[in-house]
Structures are given as structure tokens and as C-alpha cells.
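Asks: My questions all concern the structure below.
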């Protein structure tokens, strides 16, 4: 298990570093970085399909699509949802929205709990219910003080929840399904990358070509590291370690100069308390399981 924990934490650190890495790719815009990231990351995802013996699962999806043609719309929807999230992740640090997106990732486990309860009738423990209530208080305070949550935080928390729920409903929540979803993004990403005048960009950032290759390399290594970790760890441990990424994102947000305004502090405190409650419950369950 130690190996899995180290791999999961390494993946979170790499994903957190990607949040910062996009600031090194200026003057490229969010769409440009998004296009290049998918182009350079997809080969790693395809390699993972072969490495983890998911080739047959990919073929089975094509059989399902042939039998159920409407399933292709599910893949297209999920592909679009995933693409929006990846774009937002890369766009935010260069546009003053790094903290807002980080808040969205902190809210995500709470919205996932609500989706699990409302859509899949999953049980909610008292601790998780308390965490949701505290987060709701933070959200309500933000509505009173600022008129509502930022669109970035809402897009992350509810967008990703919808994405994961749709994958579960359609039974495409595996590596093979992820590979097909990312592959469907390729035409759009090629278009975005094709529009970039790399010669002009190189005049402003002479290392841009090397940085773009590193973008794909870091993304691919982070993704495959996470996949390996997920195969070594129980799902509850993996979920608990998943909090490392939003913490890294918060750190990056402060590192690049973003600051909390006074109206947002109550939301921040409530989300941190909720996160601590989630993590505490997870640790208690792990202790009981391996006692």
C-alpha cells in the first residue's frame, strides 16, 4: 500500500505543478494550451490502454455503440465536459481565477456526495452530512456577501459531478472509456493548435516548444502514475489522497499572487473545515479496517 500511496501523492504533486506550469506557457491562451496538452497527452493514454490491457475493453465499446447508436452521444457529451474542465484548469492561473477553480475542486467531493445521494441513493454518513452542511453555510455566506459563487467554482463542482455521474450511468467509467473521450477531443484540439503562430510565440517565449513537450510529458506521467496508484489502492484510500491535489492548487494560487478577499474568507474556512471532516472520517475508517 505504501507504494500506491506514494504514487498517488506523486500524481497529485504533478497535477498541482501543471496548474503552475501553465503560467510558463504565456503568451499562449487557454485554448492554445488545451489543444497542445491533449495532443501531447493522448499518446500516453493510448499507451496506458495497452499497458493495462484495456485494448479489448475499447473494442467492446465499439460493439456497444454499434448495438446502441445513441451511446455515441453519451461519449460526445462526456468528452465535451472533460474538455471544458481541462481547458478551465489551464486557463485559470493566467486569468486571475486560480483560487476560484481551487474552490471548485474543494467543493467537488461535497457535490459528489449530494449526487450520490440524490441520483444513486447512496448512504450519507453523519460526518459527511455535517461536512455538506458546513460547506452549504460557506456557500450561503458567499451568496450574501458577494452575490454567489464564481462561475468557475460552479463549473468545476457541478460540471465534474455531472461528468462522473454520466460515466457511471452509462457504464463507461474506466480507462478505455476515458481514452475514447479524449480521442474525441483530438479534432478540436488540432484546430486550436493549428491556429497558433508558433514563430510569433517563440519571439515572446523562446523555450515554448520545449515547454509544450514537457506539458505533454508531465501530463502523461501524472495520469499514468495515478492509474497505477488506483490499481494498488482501495477506493477509499484513493479518495482520501485525492485531497492533495486541491491543496496543491491552493498553494499554487497563493504562489502566483492571488489573494483572498475578506468576503471570501468565510467560504474558505467552511470548505477547509469540510475537507478536514471528510479526511478525518476517511482516516478513522482506514484505521478500523486495518486494525
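Residue numbering: from 1, along the chain as shown.
In case you wondered, yes, glycine gets a Cβ from its N, Cα and C as well.
Take a look at what Swiss-Prot says about it:
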TRANSMEM  5-23  transmembrane segment
TRANSMEM  33-52  transmembrane segment
TRANSMEM  69-91  transmembrane segment
TRANSMEM  101-120  transmembrane segment
TRANSMEM  127-144  transmembrane segment
TRANSMEM  148-165  transmembrane segment
TRANSMEM  172-194  transmembrane segment
TRANSMEM  209-228  transmembrane segment
TRANSMEM  235-257  transmembrane segment
TRANSMEM  262-284  transmembrane segment
Asks: Could you pull out which residues elsewhere in the chain have a CB under 8 Å from any CB of the transmembrane segment (148-165), counting only those six or more residues past its ends?
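Replies: Residues 78, 81-82, 84-85, 88, 92, 97, 100-101, 103-105, 107-108, 110-112, 114-115, 119-120, 139, 142, 173, 267 contact the transmembrane segment (148-165) from elsewhere in the chain.
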Asks: Check for me, if you would, whether the transmembrane segment (209-228) reaches the transmembrane segment (69-91) - at least 3 Cβ pairs under 8 Å, residues 6 or more apart in sequence.
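Replies: No, these stretches are not in contact.
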